[in-house]
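Report on the following structure.
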Amino acid sequence: MEMDTAVENPAVEKNGQPTPSSTSTATDAAPTPNAPNRPAPNTAGNRKRGVPEGVWRKCDSCGASLFYKEVQQRLNVCPQCDHHFYVSAWERVAQVLDDGTFEPMNEHLRPTDPLEFRDRRSYAERLVGEQKRTGLTDAVLTGTGMIRARRVAFAVTDSAFIMGSMGSVVGERLTRLIERATEQNLALIIISASGGGARMHEGILSLMQMAKVSAALSRYHAAGGLFISVLTNPTMGGVAASFASLGDLVFAEPKALIGFAGPRTIKATIGIELPEGFQTSEFLLEHGYIDRIVHRKSLKTEIATAIDYCGK
């Protein structure tokens, strides 16, 4: 005997009207009699709001979360551990020179690509990218300005532009600045922030700048000039091996990395453990390489005092 296995569809019309289904997902179904008719929850007010960019920053040294404006007011120094953050060349100008006194020199000198050097991209393309990203035409700003009403020749390198490396334009700008200081009997202040040394993209042309700038400094010294060199983090390679180490007075910011090859390179090359704090400002002060460690907030005053003391 054949068995009828059909099951009545609960949604089939009866008497011309659809029957409610317990499995129906229709959104217009009437609410259950006993359920309260609640409004839809307001989820907009409960959304987690992200912290806007540029409000907080993390200290590279102690890891503290810092209010960005407070760090800026302290000249980009951590209020917790005194770590000195990177600052750009233009920020250095604002921190050290009297307001509105900086007169840039030789900004028309621009680097070229005489060797048509290429690594991951061409040197010419790299230069254009760095200029757009940093707003600088090369890794050094040079010019004249006032420090506590004392006129000086002033230069600052910027590690953001190809690690602050010294190419032919950096060397030429520095040489012309030193010659101006010699002619006008100005104190010379160079703040170094160069982790790249001589710029490999220009080959021997960049290495020649070490000798050229050093020779200009020799003539400046012979004329009785006062050169104050300020070393910041990092000052390495050909910059440290030439003009940055030739100051009559050599100041350094706290805990700056200063040397020729970096600690990792030395360890990988000769395979020895380096002394604790090797190549830091504190280590170099202890061993007589620098004259004084100067906190960023005191740098302007220390330079002005040194100029007065030396009669410049």
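Every residue, even glycine, has its Cβ placed from backbone N, Cα and C.
Not measured: the values here are computed from a predicted model.
Database features (Swiss-Prot):
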type	residues	note
REGION	1-52	region 'Disordered'
COMPBIAS	18-32	compositional bias 'Low complexity'
DOMAIN	55-312	domain 'CoA carboxyltransferase N-terminal'
BINDING	Cys59, Cys62, Cys78, Cys81	Zn(2+) binding site
ZN_FING	59-81	zinc finger
Just how many other Cβ atoms lie inside 10 Å of the Cβ on Cys78 (Zn(2+) binding site)?
21
So among the binding-site residues Cys59, Cys62, Cys81, who's got the most Cβ atoms within 10 Å?
Cys59
Could you please provide the mean pLDDT value for the domain 'CoA carboxyltransferase N-terminal' (55-312)?
96
I need the neighbours of the Zn(2+) site defined by Cys59, Cys62, Cys78, Cys81. Which other residues of that chain put their C-beta within 8 angstroms of the C-beta centroid, in sequence order?
Asp60, Ser61, Gly63, Ala64, Leu66, Pro79, Gln80, Asp82, His83
